[in-house]
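Copied over from TrEMBL, here are the features:
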- 1-10: compositional bias 'Polar residues' (COMPBIAS)
- 1-41: region 'Disordered' (REGION)
- 20-30: compositional bias 'Pro residues' (COMPBIAS)
- 100-509: domain 'Amino acid transporter transmembrane' (DOMAIN)
- 119-146: transmembrane segment (TRANSMEM)
- 182-203: transmembrane segment (TRANSMEM)
- 224-243: transmembrane segment (TRANSMEM)
- 249-270: transmembrane segment (TRANSMEM)
- 339-360: transmembrane segment (TRANSMEM)
- 380-404: transmembrane segment (TRANSMEM)
- 425-446: transmembrane segment (TRANSMEM)
- 452-475: transmembrane segment (TRANSMEM)
- 487-511: transmembrane segment (TRANSMEM)
Amino acid sequence: MSPGNKQETAISECEVQSAPPTPRPPPVSTPPSRFHSPSPAIRSPLRAMASPLRAMATPLASPVRKAVATVRECLEEVGHITRLADPRDAWLPITESRSGNAYYAAFHNLSSGIGFQALVLPAAFASLGWTWAIICLTLAFAWQLYTLWLLVRLHEPVAGGVRYSRYMHLATTVFGERWAKVLALLPVMYLSAGICTALIIVGGGSMKMLFGIACGEACLARPLTTVEWYLVFICAAVLLSQLPNLNSIAGVSLVGATAAVAYCTMIWVVSVAKGRVAGVSYDPVKAPNDVDAALDIVNGLGIIAFAFRGHNVVLEIQGTMPSTMKHPSHVPMWKGVKVAYAMVALCLYPVAIGGFWAYGNQIPSNGILSALYKFHSRDVSRMVLGITTLLVIINCLTTFQIYAMPVYDNMEAGYVRKKNRPCPWWLRSGFRAFFGAVNFLIAVALPFLSQLAGLLGGISLPVTLAYPCFMWVAIKKPRKGTATWNVNWGLGILGMSISVVLIVGNLWGLVEKGLRVKFFKPADSE
């Protein structure tokens, strides 16, 4: 029997089984059927046929409409249109709207893939030197791009099958529920909530700096404190977070991505144009002993690893796209990823190389932005400094939205699973305000959090470099001994080894140098 005959037989059998003599009302626990359909841009011939039939009021119209709906449901069941694994996912922020495209994917990936962490790369060059820093940066970029490709293909490993629209869903499928919580829950939570907390610190501090640049000494008689600027930032972020779902913030991600590219370009261009600072040296900073030298190398590797982020939201971004047998979601998603990471490379390399060329071993530990204010605050116009700072604030506000979306989705999922109905708007707003308040409290209470960035970066590193390789082997099951099998096992084990080295090295450094713990004093962290 030919494939076409098999398909017709499956459809006809489905029609016989699923067409009852009287219409059955849909159960209350299931969302409306429109949530199972792809975006309006992908219209099937059956939908085009159904549109005029809806306008007919003759007795014949009802059975015809019913037949059309039945055939369409059967097409979904045999895999022509990808359905949600759980129909209630259509009520959650990540999968509520599935009308995304390659442009939206590029906006989201660029916004989540580049940000303030890129500005610290010159400090890694100061620890590793020109040659090793460039080699490590290139290898890390290629490695994370490969694991990104793995995640894009693992989102829907079987055409017409289950779509893994959340990183924890895929991790639970591969590792099991118990081990997924042990291995992946903490790193994923840190990459979402931890980055949001860091954005409050960076964004609030930049607001304070922008106010000082704009007003000067004339209006600084009673400036706002750092905590008050954190509060201003989080209020703006919570207000912006009222957009309902991930697709609705595509324009926000575009603004944030544009701001990130703009301020990265402005910073390295100004730094290079002003020339090298006096007494610059490009030799790695010599440590007094071998232990400190090893810790400096570990710190440099940690900075490079920290520069690459966004893997914890890749599956969520792809979950906003329609997917059919003819047009799978991984095609537009990968197009968007390629464009986004081409822009990421055009920002990371000039910032790292240009910043280290301009400041050398005198680069501050906070990165090139601090170096710009330290060495050029007098010979660079206030307008340039103000615009750069404003762009940093805009990027922090917009990036906050995309990293907070998985947390919003998880909070609403608890309500949806329990009540079996969509989350009302007032409760959704309350969840988002609560998350913002918790992050604000953490930013104020733990001003020394930046000193733990290397340790937390080592804990979250497997999410980017190791777990996708293990997931590919577990789901795709390549034959043992093949190149694919060897490469993924090798990269996965190497990624876990680097993670262990970073964790041990940073713990060792904290023990050797000590940790300045001062709670509720964020001014001390600046």
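Cβ atoms are placed via backbone N, Cα and C, with glycine included.
Within its own chain, the transmembrane segment (487-511) has Cβ neighbours under 8 Å at 143, 146-147, 150, 291, 294-295, 298-299, 301-302, 305, 451-452, 454-455, 457-459, 461-462, 464-467, 469-470, 472-473, 478, counting only residues six or more beyond its boundaries. With pairs at least 6 apart in sequence, the transmembrane segment (182-203) and the transmembrane segment (249-270) have fewer than 3 Cβ pairs within the 8 Å limit; the two do not touch. Pairs of Cβ atoms less than 8 Å apart link the transmembrane segment (339-360) most often to 119-146, out of 119-146, 182-203, 380-404.
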